[in-house]
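Straight from TrEMBL, the features:
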type: ACT_SITE; residues: A:Y257; note: active site
type: ACT_SITE; residues: A:H265; note: active site
type: ACT_SITE; residues: A:K296; note: active site
type: DOMAIN; residues: A:42-109; note: domain 'TSEN34 N-terminal'
type: DOMAIN; residues: A:229-307; note: domain 'tRNA intron endonuclease catalytic'
Amino acid sequence: MDWTTTQLVGKSLPNGQDVKCRDRESAITKTDQGNAAKDRTIQISICGSTPLLWRSVDIKQSRDEVGVIGTLIGSLARQPRQNNRLGRPLEILKEEARLLLETGEATDVRHPDKSKKVSESGESHLNAVQLYQARLDRSYEEQCSLALEEKKAVLHRVMDEKQNNHTGNEGPERAVRERLCSLEKSFSFPRSAMAVQLCTARAGFSHCPEELAFLAADWPEPRDKHSEARFRVYKDLRRKGFYLTAAGKFGGDYLVYPGDPLRFHAHFIALCMPMDESSPLSDILTIARLGSNVKKTVLLCSPRDPSDSQVEGDVVYSSLQWSGMV
Amino acid sequence: MAANDGVPEALQVLLSDELLSPSELFKERSRSHKIPVKGQKEFLPDGSDQQRARLQKSLDEHWTLVAEERVERLGNLVSAEWIPKEKLVKLLSPAGKFWQTMGFSDRGKQCLLPEEALYLMECGSVQVFYKDLPLSIQEGYECLLSPETMTLHQYQVFGHLKRLGYVVNRFDPSQVPSLYERQLNLPLPRDMQSKQLKRKRSQSPGSRLCEKQSATTMEQTTVEGECKGEVQIREPDLGHVAPEQGTTQQTSQDKSMECVANSDGASARNWWTDMSGQAQAAAAQAAAPRWDFSCIVFPDLGSHRANSATLAAPDPSLLPGALEVGECKVAHWLRKLNLKKERLSRRDWERQRERDRYKRDINDDREVRRCRNWMEYLDLMEKRRSQQHKERPAHLWEQKVTPLTHPGQCISHRELLEQISIIPSCDLLEGASRLPWSDKWRICFNVYQPDTVAEFKKSHPGKPYTRLCVCSFDGPVPDLCVIKQLSILSGDVPVTFAVVDHGDISFYCFKEFKLPTDIY
């Protein structure tokens, strides 16, 4: 066995990646500095102790700008009864949530719009209901006219076809014309045929439930040594341009992707170990075995103590390799 | 996608930018329901344009899917109301197809449990209102899920299985029969009746018992007064032999016909259990048997088929109460018996001989064959036993300390080990009922397989395929104590652990593994 203490991360990457890393770094620092200019923030909602993103703009923004991947955990709107592709909400790692908060891109909405909603008992609630009903009525009317238009368009098209095909025979054409005339009077669009939206994210006009107590659970969780180590490793790898997702399945802390996980396979399983913590060799062998089984390299990631290292926030990466000596 | 379409400012309600306008809603009615396939993943980003284009295409598809909103026709939606006090969702319009596997009626009202309502919201089947306003999915997660009703993790597992088509409902410990009840095979009240019913359709326990008995009696009668029951008689520990075996001696008179004729399982059962009690008593006190075996004649149906078209009426003193049994016609039974001589191929014959080397057929014993009834057989056995005792070396058997087993009593190592029981084998459930109870782990769900959905009845759910305990990779691994507790709680249904880790759900279970032991 050899211990390879490396810049494995830096070395194994093609040049393009390095460029991207630098870009990323600058992007992050930029958001650090000039955040005041941002006109909208990402809203993290906490369910139990799980940070969730609900709005698709938030999800896109956090992926595009901060590289937050997360996992979709809801049913997909388009096809709810399957598990291959899931939909909103997006569950994000605690580290991702922390990064979002630290970069100032996000606020946690544990008590969403509390100031506004607390007073919403009497009149404003009534208003909200009225607004909802009015919207519904207007939507019905508009859909009614849209349906009529559509029907007319269909009949017109049929009439045109008839005209083109049978110039001699006037019978069917006239019938269609008559139907078109009577359509205005006879057309009915049942209310049950109206399309309504079942909002995914909080819609705004709905009543905000009082029971938000459970949301006030222990979040952010008390930070211990291990969670600190995890966060520093997360930040460092992210800064180097890697994409990270949870690796519970693989017995590690993160799965490390060279590009967007949508298109690329993970190369590493990152395991965070505080520098001064000793761990039994058997544990390391176990994870190394697992890594080779799934054809991924296991990275042991130890954040360097900020006090005694020159470079702040540096993380030491090591991997275990079978030496090939018999 | 944004459309705030002219909300009066006075209302001061911040509308989400994800609300669709009427025209968008109208268009959504005819949208595709296809899901784009994810292509093969690549190894490394190489900076090429093609790769970038592929990534962009995947991302575009991804964002389209993620941003899509649920749009349903009003007529297809079941509307419901969230009642926070009762932690229930009450339906305001009649339920849809989901009612077959979900929901329950409470004082004439159709209700859904929070997790069911939330799942149906996500499926676009139910619109839940609270204070006359519809809840978004987000608000659904926020109000319907709570540590008291259902945690997010539990809901994730619930949703995962529901999406796969499983029937999932909450686990109620009081519905599981206790170990004691199971051992007695007691019919259970309420939901357990379903099992009973189902079984009855195929074979009720009573009638099965009856059939089994008649089968054994048939066997016995065919072997011409041979005693299959000899095992019970020779072995002193008849106590734990199942009652139906004990009765075989008595049934081997001529009751088999009755048993068959008596199609009512329950009464037949009572009658036989009664008998078996007597039989046990009789066998236990071998010195003064209640039955005088010398005058009980074995019916013989096998060998002299010509002259036994009927069986004589049994001695009334052997029958309980006012039961009258006349002569019994056995002709139609005889026709069913296979009296053809067995013809073995050479190989079969060799195989049988091989088998017989280890197994002694009691019928090969001339002296046993000469016995005409149980009494004579018992006498013979007693005689032999005393003979055996005489042959034993005095220095081993006549002292205070004697060998643990008798020579020839145990044929295999395993039997020997069981007999001396120095190392008793332990099974998973042993001692589980005495363990201290901890609240940390609990079973959340009963799971029924998707292929049973068609016949699934909420009132009679039957035996689940498995039961689920939801936990997380952050938490501890269940220890043996927990596994024992949960499996005793679950009864005869296996317990599966569902582990939730950042949206990934894995299922695992612990199985008792018996190391292979020698066969002989």
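Every residue, even glycine, has its Cβ placed from backbone N, Cα and C.
TrEMBL feature annotations superimposed on the structure.
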residue: A:Y257; record: active site; Cβ within 10 Å: 22
residue: A:H265; record: active site; Cβ within 10 Å: 16
residue: A:K296; record: active site; Cβ within 10 Å: 19
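A:K296 (active site) and A:H265 (active site) are 10 Å apart (CA-CA, integer value). Separating the Cα atoms of A:Y257 (active site) and A:K296 (active site) is a whole-number distance of 11 Å. According to DSSP, the domain 'TSEN34 N-terminal' (A:42-109) comprises 20 helix, 22 strand, 26 coil.
Taken through DSSP, the domain 'tRNA intron endonuclease catalytic' (A:229-307) splits into 27 helix, 21 strand, 31 coil.
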